[in-house]
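All remarks here apply to the structure that follows.
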Amino acid sequence: MFENEEIELSVDDAEDFDLSLDDAEEMEFEDLLSEDSLSEDFEEDASASMDESDNALPDDDQQEESTKKEGFFKRLISGLTKTRDNIVSGMDSIFSGFSKIDEEFYEELEETLIMGDIGVNATMRILDDLRDKVKAQHIKEPMACKQLLIDSIKEQMDVGETAYEFEDRTSVVFVIGVNGVGKTTTIGKLAGKLRAQNKKVVLAAADTFRAAAGEQLKEWANRADADLIGGQEGSDPAAVVFDAVSAAKARKADVLLCDTAGRLHNKKNLMDELKKINRVIDREYPEAYRETLVVLDATTGQNALSQAREFNDVTDITGVVLTKMDGTAKGGIAIAIQAELGIPVKYIGVGETIDDLQKFDADDFVNALFYTNEEE
Ligand SMILES: Nc1nc2c(ncn2[C@@H]2O[C@H](COP(=O)(O)OP(=O)(O)OP(=O)(O)O)[C@@H](O)[C@H]2O)c(=O)[nH]1
């Protein structure tokens, strides 16, 4: 089980985790810049491969790109098998089982959508929209509703163009999420993705609560060939970020990925810590573009949705990463997040290896969910 209760913000649970701003507010960050405090990985021996930034994909490699996209789509289809069984099979039997469109038909659809983790509010909006369409187009056959329903789901998921600006600019990406959701793995995968584009990547192990987390990140840094700036267990995350910013600037890094807080026991501490880290960046790295990604475990269904809400209350989330989409029946949560919170799901995790992170496309997602036979 995941320790999702940690985000349930009960002040009583705050334990001994004291992150009050006052303690470290006046910290001389210059002191922290001493050679020793920087990770040993931060040496001037930039690996040759990191400097080959002009080796972009040849322009005429579009064929390869489209084959890749096809491959992604196939993997998405297979990754969504359980979610499809959960949502679409139920729907298909409603569409074929009813001879007319009546209240009972809508009720059955409602139940299937809610059971599919699409969320109560999103379900209501999708069905209201479906009713309008059915009326306006004088639809009589339940079977004819399928495409309308697909369109309604897509419309509800529309959060505008999803931007991945941070991939192309000097940027700092905060990655937050409660423990066990796949935060570290996601950072490793993202680092791998960026390195494959010949970007210089620095990782900041600013989640200093658990020593093993830093170790795990180090493994991912090695795998992705990225630099890692770490801190002692229990050290101030803002100090680690300070070091990491210095390193990123010195190395002219493209992207600084920060494994930040998430396991804090109450909302105020979390908010304070993120504010403090943000202040460090404001002061030390104002030119950097900011991205804040919250990592959610799709297998936790509605719990993931409430975590997204909680995190959104404490900081400006710019995107969601939904992990463990492979092998869960609760992939409908992607619909709920976009439709109910209006926050774009930017990536989905579809496995445990470095290549198992995909950009999320709502249309592809719904198509993969509903159109399996046509696409395979
Ligand atoms: N199947 C699958 N497993 C994943 C995915 N992402 C992460 N995992 C697994 O989930 C487990 C937890 O991942 P971590 O990256 O350690 O999670 P974390 O949030 O960093 O956890 P803490 O370090 O405890 O905070 C690991 O066993 C990962 O391999 C995914 O997309 N699919």
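Using the three backbone atoms N, Cα and C, a Cβ is placed for every residue, glycine included.
Listed features, source TrEMBL:
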BINDING   177-184, 259-263, 323-326  GTP binding site
COMPBIAS  29-64  compositional bias 'Acidic residues'
DOMAIN    344-357  domain 'SRP54-type proteins GTP-binding'
REGION    29-68  region 'Disordered'
Residue with minimal Cβ packing [other Cβ atoms within 10 Å] among the binding-site residues Gly177, Gly180, Lys183, Thr260, Met325: Gly180
Composition by DSSP (helix, strand, coil) of residues within the domain 'SRP54-type proteins GTP-binding' (344-357): 0 helix, 6 strand, 8 coil
Overall pLDDT for the domain 'SRP54-type proteins GTP-binding' (344-357), taken as the rounded mean: 91
